[in-house]
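I have placed the structure first, in the form of structure tokens, so that the comments after it can refer back to it.
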Ligand SMILES: Nc1ncnc2c1ncn2[C@@H]1O[C@H](COP(=O)(O)OP(=O)(O)OP(=O)(O)O)[C@@H](O)[C@H]1O
Ligand SMILES: O=c1ccn([C@@H]2O[C@H](COP(=O)(O)O)[C@@H](O)[C@H]2O)c(=O)[nH]1
């Protein structure tokens, strides 16, 4: 069976990397994610990854506690670099070819984001892990996923998160919330659904780049999404 997509941009939740731990990176979780991504690349799918930072630092929390927002956001972006390095190293251990590129310059540690080089890596079958979000404060890694997905000419952004799709309300707060199997960008934005920020939704809508939201905790879900099976919630034009 052919895959539904040739090139995908996978947004991995930072918070999901904690597993059952209180913070940080759970190696068991990271190894399982690496195995699932590797399985997809073996089918010939080109994979770019944007990783979040919520397991280490979230800028809004810093700002809420009195820290300058931009400073807090730069700390958040640096947290995503740590996650990207951990993921890249787990890929190396698993024998999976991967490169980390950062939107903030930390050249002694990882290479800078260079669009053409990233595309070449993807064409060579290497996974590219995009670190440091967009490189700008006041944004999120969801928006970075929309941006890199557009730049890489991916066919879809896959948001792998802690819930199994988009609900009428946050399912962690409202047990009566029901899941959409698909929803338009306009409806997701007008309903102000907080699963993804409005900037990310708007960029994907304008670039006609669909999004699929699914659970990172559900084994095999990534493969099912890549095979075009019914999984999670599709956000469409
Ligand atoms: N309408 C909704 N449908 C689904 N989830 C929602 C909704 N509204 C809010 N959420 C919340 O959004 C969360 C996912 O977004 P969040 O930004 O917290 O995580 P992430 O982007 O996957 O992770 P990170 O920011 O750590 O990288 C879910 O865990 C859920 O609690
Ligand atoms: O483009 C970006 C991306 C991220 N940030 C900051 O990093 C943290 C962590 O990212 P999450 O998307 O929440 O996982 C975020 O809260 C921002 O503080 C950023 O400033 N710019």
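Cβ atoms here come from the backbone N, Cα and C positions, even for glycine.
Keep in mind that this is a model prediction, so the values were computed, not measured.
What TrEMBL annotates here:
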- 11, 12, 13, 14, 54, 58, 161, 167, 170: ATP binding site (BINDING)
- 53, 73, 134, 135, 136, 137, 138, 139, 140, 141: UMP binding site (BINDING)
- 6-215: domain 'Aspartate/glutamate/uridylate kinase' (DOMAIN)
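Ranked by CA distance from residue 134 (UMP binding site), the binding-site residues 54, 161, 170 have 54 at the top as the closest. In this structure, the C-alpha atom of residue 140 (UMP binding site) lies 11 angstrom from that of residue 11 (ATP binding site). With respect to ligand 2, the binding-site residues 11, 13, 53, 140, 161, 170 contribute 53, 140 as residues with a C-beta closer than 6 angstroms to one of its atoms, given in sequence order. Highlighted here are the binding-site residues (11, 54, 134, 136, 138) whose C-beta falls below 6 Å from ligand 1: 54, in sequence order. Residue 11 (ATP binding site) counts 30 other C-beta atoms within 10 Å of its own C-beta, drawing on all protein chains shown.
Residue 54 (ATP binding site) and residue 138 (UMP binding site) are 15 Å apart (CA-CA, integer value). Between the alpha carbons (Cα) of residue 170 (ATP binding site) and residue 136 (UMP binding site) lies a span of roughly 27 Å.
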